[in-house]
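Student: So Swiss-Prot lists the following for this protein:
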type	residues	note
BINDING	H73, H75, H243, D318	Zn(2+) binding site
BINDING	H73, H75, H243, D318	Fe(3+) binding site
BINDING	R82, Y145, H178, Q246, S323	4-imidazolone-5-propanoate binding site
BINDING	Y145, N320, G322	N-formimidoyl-L-glutamate binding site
Amino acid sequence: MSWDQVWIDVNLATMDPSVSAPYGAITNAAIAVKDGKIAWLGPRSELPAFDVLSIPVYRGKGGWITPGLIDAHTHLIFAGNRANEFELRLQGASYEDIARAGGGIISTVKACREADEAELFELGRQRLNALAKEGVTTVEIKSGYGLDTETELKILRVARELGKHHHVDVKTTFLGAHAIPPEYKDNSDSYVDLIINKMLPAVIAENLADAVDVFCENIAFNLEQTERVLSAAKAAGLEIKLHAEQLTNMGGSALAARLGAKSVDHIEYLDEAGVKALSESGTCAVLLPGAFYFLRETQKPPIDLLRQYGVPMVLASDFNPGSSPICSTLLMLNMGCTLFRLTPEEALTGLTLNAAKALGIEDTVGSLVVGKQADFCLWDIATPAQLAYSYGVNPCKDVVKNGKLVHQ
């Protein structure tokens with residue numbers, strides 16, 4: 001056989017639903033790569049003969065290979081920090097209190113409007129490096145810290161540039177409807193007009209976004225405004241997603257499901273009717289335990305109902321300066337289990353196959369299947385559950401991206 005590389009002495013957590021074992025596991029396995037794709041995988045005993053003198057062979061020393069991790073919800077590009085708000089919350093102020101007083105997202109908006117692209121790029125590069133060291137091979141990055149046309153475009157341009165200069169694939173999301181900017185505080189409908197009539201066409205003209213998101217909440221955009229933005233995005237051929245049911249149940253998830261959204265994110269206050277709507281539309285539920293933890297929330301997402309209705313559950317970092325300043329997907333695995341009572345297998349599925357579904361890329365990444373992109377990680381672990389069980393020492397030993405060894 002003619003391959004570009006072969007990995008032996010490994011166990012595979014394929015996350016392939018067609019493999020009946022937990023995690024889609026194949027033990028005592030091998031995996032071969034050709035032209036950036038998975039060319040063969042299976043038990044080592046069935047590995048076809050190949051020229052060991054001309055093909056690089058990597059020995060995994062009994063470790064586990066998983067698909068590359070996918071962080072499907074981040075706000076990774078921003079300037080400044082909000083440590084002062086952290087102190088205020090510890091003194092009793094709520095997320096809503098801070099937002100209504102002009103803090104929260106708006107304070108980061110000010111910093112991003114003042115920062116240039118070079119500064120934002122370097123900050124984003126450092127954060128993307130941190131995720132990459134934990135085995136992330138694909139990341140979603142949202143805008144939303146500009147809230148004017150110029151700065152929203154600036155953030156999205158930086159995200160696109162990061163994707164061009166980093167081995168991690170970057171999917172971009174336009175989140176102009178993240179908050180009401182101060183200049184539109186008393187006229188939010190006019191800001192929605194600006195998003196639809198000026199921002200969105202400019203984003204599309206430069207091909208800066210793969211999807212459009214809205215923060216549907218009582219401190220942000222109401223249902224009617226949310227539908228206007230998402231409908232305009234859908235009409236323009238972009239994928240849609242939604243921040244919903246984080247602080248209250250406004251029915252945003254049902255709206256998103258009706259419009260065919262790829263995902264609904266946060267969903268702490270999602271009810272059974274909303275879960276049923278997600279199930280019927282095939283919309284993913286993105287769980288963000290970092291924000292739940294950092295905001296010291298008590299209302300948990302309806303995990304049992306999501307299981308009952310078969311809604312794909314995704315885990316993501318929600319990395320951002322205000323509600324989840326936690327740049328770690330491995331910690332999300334642990335939090336998903338300890339805070340939301342996911343099983344370790346559900347948690348890992350949420351950072352691989354289901355995360356790919358939330359981004360609409362499950363045909364190319366998210367599981368180890370012949371023909372899919374060769375994005376995978378070798379972990380120094382005895383069992384896949386160990387990724388969620390223990391945190392603090394990074395067990396990621398090697399990362400292969402598009403068939404190339406990028407971290408060793």
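Note: Cβ is positioned from N, Cα and C throughout, glycine not excepted.
A description of the local structural setting of each listed feature is requested, covering burial, neighbours and distances.
Tutor: Cβ neighbour count for H75 (Zn(2+) binding site): 25 (other Cβ atoms within 10 Å of its Cβ, all protein chains included).
In the three-state DSSP classification, H75 (Zn(2+) binding site) falls within coil.
R82 (4-imidazolone-5-propanoate binding site) has a Cβ environment of 22 other Cβ atoms inside 10 Å.
Other Cβ atoms within 10 Å of the Cβ of G322 (N-formimidoyl-L-glutamate binding site), summed over all protein chains shown, number 25.
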Student: Have a look at the binding-site residues H73, H75, H243 and say which one has the shortest Cα distance to S323 (4-imidazolone-5-propanoate binding site).
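Tutor: For S323 (4-imidazolone-5-propanoate binding site), the closest Cα among H73, H75, H243 is found at H75.
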Student: For H243 (Zn(2+) binding site), which of the three DSSP-derived states applies: helix, strand, or coil?
Tutor: strand
Student: With the N-formimidoyl-L-glutamate site defined by Y145, N320, G322, which remaining residues of that chain have Cβ atoms positioned within 8 Å of the Cβ centroid?
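Tutor: So the additional residues around the site are H75, F78, R82, I105, T108, G144, P321, S323.
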Student: Can you tell which of the binding-site residues Y145, H178, H243 lies nearest to N320 (N-formimidoyl-L-glutamate binding site) in space, using Cα positions?
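Tutor: It is Y145, whose Cα lies nearest.
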